[in-house]
Amino acid sequence: MASPGCLWLLAVALLPWTCASRALQHLDPPAPLPLVIWHGMGDSCCNPLSMGAIKKMVEKKIPGIYVLSLEIGKTLMEDVENSFFLNVNSQVTTVCQALAKDPKLQQGYNAMGFSQGGQFLRAVAQRCPSPPMINLISVGGQHQGVFGLPRCPGESSHICDFIRKTLNAGAYSKVVQERLVQAEYWHDPIKEDVYRNHSIFLADINQERGINESYKKNLMALKKFVMVKFLNDSIVDPVDSEWFGFYRSGQAKETIPLQETSLYTQDRLGLKEMDNAGQLVFLATEGDHLQLSEEWFYAHIIPFLG
C-alpha cells in the first residue's frame, strides 16, 4: 500500500493535467469554415427566393457560419446585368481580389457555385490559391460548357440545330467573346479547333491550349470537388456537362462521361488523379435546373460545409 506522502506527490503531479482537461472543456469550439457563394445567370447575390434562401438554409444548419454571397457590381440590378454582359475573366479577377482582402477568409473557405457560378468558382480555385479554397460545390455548373439553347424541343430538332449553328457562327468573334458571358463557355463540339483557339474563358481553364501547371496544382489542392447534376434539367445542354462530360468530339448527338474525355485521359487538370483519390463527388437529384428541396440540400450538401 502506498504511503500518504506518495499519494500526495501523485496528486500534485496530476494537478496540471486535471486543470488542462477542465480548461479544454471550456474552450469555444472552432468556428465553422466560411462559405462563398456565386449565383447563376440572371440572378443576384441576395434574391430572397434564390441565393438569399440558400444563405438562410446554411445559417440555420451551421450556426455562426460566415456566408459571403458574391455581388458583382454596386447594385443588385448591376449584379444581374453583369451575369450576362461582364467579361468572365474580369469577374474572376474582381472576386479573387475581394477574397484576398476579406480577413474572415484567410484561413480558408468552402465555395458553392450555382449554374455558371460553378465554373466561375472553379476558375477562382485554379487561378487564385490564396486564400485557400477547401471544398468546391458546383450546383448545376457547366464545366465542359454548353452547346444548346434552353428548352429546345430536342436533340433531333432541325430548328435547334439551325439555332446552334447560327449562334456558333458569331459566338467566337472577339467582340462577342469580350461582351457576352454565355459565349465565353459556349463549346462547339463540331468545330473544336475554333473553340480551342477563340474561347477566352472555358478553353483556358480547361487547359485546351496548353498546360498551366499551376491550374492543375491548385485544383488538385481541393479536399473535395462536388458536382451536382439535375436529372430533368431543361436549361443546360448537354446536361452531362454538369458532371464534366460532353458531346463526343465531331458531333452533337452522343455524349460521353468525364472519364472518356481527353481532358480526363490526358489528365490535363488532374481530374483523373483526383477521381482515383476520391476527391471528386458526383451527386444527382431529380428536378429541373437548380430545383433543390430543402431536405435534399440538408442531406447531401450541408455535410460538405460543416
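Using the three backbone atoms N, Cα and C, a Cβ is placed for every residue, glycine included.
As recorded in Swiss-Prot:
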SIGNAL    1-27  signal peptide
LIPID     C6  S-palmitoyl cysteine
DISULFID  C45-C46  disulfide bond
DISULFID  C96-C128  disulfide bond
ACT_SITE  S115  active site
DISULFID  C152-C160  disulfide bond
CARBOHYD  N197  N-linked glycosylation site
CARBOHYD  N212  N-linked glycosylation site
CARBOHYD  N232  N-linked glycosylation site
ACT_SITE  D233  active site
ACT_SITE  H289  active site
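The structure, with features from Swiss-Prot marked on it.
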residue : record                      : Cβ contacts under 8 Å, 6 or more apart
C45     : disulfide bond              : I37, H39, M51, S69, L70, E71, I72, L76, D79
C46     : disulfide bond              : G52, S69, E71, L76
C96     : disulfide bond              : V124, R127, C128
S115    : active site                 : H39, G40, M41, D43, V139, G140, G141, Q142, I235, V236, H289, L290
N197    : N-linked glycosylation site : A203, R209
N212    : N-linked glycosylation site : Q126
N232    : N-linked glycosylation site : E286, G287, D288
D233    : active site                 : G140, V239, E242, D288, H289
H289 (active site) CB neighbourhood, other CB atoms within 10 A: 19
N197 (N-linked glycosylation site) - helix vs strand vs coil (DSSP): helix
